[in-house]
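K.L.:
Structure below; questions to follow.
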């Protein structure tokens with residue numbers, strides 16, 4: 001039986017918030033980095049996004065779960081977040097697409113959550129103090145004890161979390177039946193020739209694969225630790241470096257592989273973590289943001305052009321390190337003027353810090369997938 005029981009959120013500095021949970025039959029304590037997302041919609045895509053691995057996500061929008069959960073809007077095959085914080089979680093949801101409620105979904109995967117706290121106050125506190133580790137508990141409500149437990153968990157800086165989310169095997173991806181919300185693309189003529197794309201899986205979202213599939217690409221997904229020679233043996237027309245969690249500078253094997261791939265002059269498109277790893281391979285630097293960029297309304301642009309973008313990252317590429325290289329800054333995050341996109345001045349490499357595949361979020365940057373296609377077509381033409 002699901003009933004409301006007391007729960008507590010404790011931050012590593014001792015700050016705590018008392019609230020409630022609907023997990024009467026599960027006594028759970030979880031620790032992770034407490035972050036916030038400002039999106040009004042898309043909670044299902046957010047909680048299944050592998051980039052949120054090891055994080056407790058605070059939703060700033062006050063009502064979460066109103067439209068339930070369905071099997072079409074997931075971004076991976078499991079819940080990725082460590083915990084969920086909300087002002088209110090709807091116990092009974094309503095949508096013609098729903099298959100279960102958010103509460104049922106979280107309980108099925110044993111993901112702890114807390115609601116009934118002042119999420120506005122929590123978000124403002126994280127903005128002032130920066131993201132930090134925290135704990136959700138509905139078992140032991142002693143905040144001093146929980147603070148000590150938090151101190152035993154490492155911070156995000158220096159953590160390589162990719163092995164927890166990458167595929168263990170290489171596989172070809174071809175989604176036979178696209179979700180109902182892909183109707184426009186389902187009926188669209190595939191005007192592009194079959195281009196072979198290798199996706200290096202640092203924690204790839206499904207909608208990245210869907211976008212490539214609807215543009216006619218042959219997609220092979222490979223583990224993040226795949227040796228360079230195995231990638232090249234597939235004779236790809238292009239390589240996509242996916243999103244993923246953790247500190248990019250700790251992914252030494254990924255940086256090494258990309259460095260070796262750069263010598264082949266094959267088109268490379270990096271998204272989020274892939275953007276950071278590509279820039280690290282090109283000898284740029286990354287750093288941890290104070291509270292990150294997580295939401296679906298982040299303005300990005302350059303030269304009087306603005307895109308509203310979906311973003312989810314706690315690290316960024318250092319601007320000064322980019323300017324010293326043969327790289328061009330193609331986009332800035334216009335909220336804080338951090339690097340949001342780069343391109344190489346002489347080679348077919350480009351990347352963005354945000355998510356052009358959206359899910360959730362606007363489609364302003366969707367053109368980048370078609371740009372990738374055009375670069376690959378040119379590469380194939382020159383190779384022949």
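Every residue, even glycine, has its Cβ placed from backbone N, Cα and C.
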K.L.:
Record says 244, 246, 273, 276, 312, 314, 315 bind L-glutamine. Source is Swiss-Prot. Which of 51, 71, 76 does it list for that same site?
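P.N.:
As annotated by Swiss-Prot, 244, 246, 273, 276, 312, 314, 315 share the L-glutamine site with 51, chosen from 51, 71, 76.
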K.L.:
Residue 272 (active site, nucleophile) has how many other Cβ neighbours within 10 Å of its own Cβ?
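P.N.:
Excluding its own Cβ, residue 272 (active site, nucleophile) sees 30 Cβ atoms within 10 Å.
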K.L.:
How many other Cβ atoms are found within 10 Å of the Cβ atom of residue 355 (active site), counting all protein chains shown?
P.N.:
26
K.L.:
Sequence gap of 6 or more, Cβ distance under 8 Å: name the residues on the same chain that satisfy this around residue 357 (active site), in order along the sequence.
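P.N.:
Residue 357 (active site) has long-range Cβ partners 205, 207, 208, 210, 211, 271, 366, 369.
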